[in-house]
């Protein structure tokens, strides 16, 4: 999920609330369920019209790549009783190859490149935003990929539906940072999700995470480093402030007490997307994490 597009700011808060209200009203008028009620989500759902090219991609490729596991029209929840198990994986992908799940696949650049490079591995892209799903459909369809599927699903619900040992790897690259202190509970990396991912991973399976936000890197360490059942495989030593500073206060972090943390070399299975290029051009440091199930 590319956070430069999806992160709310103070100036957009009123507009965001209006859009959310409009979405609920629109869903009710169409007979569709309003999404999620009071659940804490890692994203803000905004309706976005597809341009002609993306609409054609959706119409052409959705039946091939988009999983039909949603609770209903317009819902990002998993339908009641759905189980993501080996039988479903075998039926959907047509084989029992290892499965890699990317949370927040954005425009699909990374997951499509990975699927094309590794035809003996199955891939599932999780993305909630219509344009991102449509663009991933377009890229996958152009290459006629057989080993990729897409689910427009709230990621934590998919992992709750997954059976033990069904997934080889999970990727979460550049998630929405939710920089305001009061929004940290919306960050996708949370203990509850980590527990579900741990259960769903195969033995020695890994969760790969990357962020270009220093404060989010600290958050990842706080959530993941002391969890039973995960080992931080990082071999690099990185110095980070040990306190959160919140949105707009990044300059204050340099004066805070720092500590050393273990992080990984850049994952060579991640393509250099336009989003990552922008972060590097802005002088941001990329933090990579590899947490292995033990």
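Using the three backbone atoms N, Cα and C, a Cβ is placed for every residue, glycine included.
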Notebook entry, point to check: Per Swiss-Prot, which one of 203, 212, 251 shares the substrate site with 180, 273, 274, 275, 276?
Noted result: 212
Check: Quick one: Cα separation, residue 273 (substrate binding site) versus residue 102 (S-adenosyl-L-methionine binding site), in Å?
Finding: 15
Next item on the list: Reduce the DSSP letter at residue 212 (substrate binding site) to three states and note it down.
Entry: coil
Next item on the list: Mind giving me a neighbour count for residue 273 (substrate binding site)? Other Cβ atoms within 10 Å of its Cβ, every protein chain shown.
Entry: 18
Note to self: How many Å separate the two farthest-apart Cα atoms among the S-adenosyl-L-methionine-binding residues 102, 127, 154, 176?
What the structure shows: 14
Checklist line | Rounded distance in angstrom between the Cα atoms of residue 176 (S-adenosyl-L-methionine binding site) and residue 275 (substrate binding site) | finding: 12
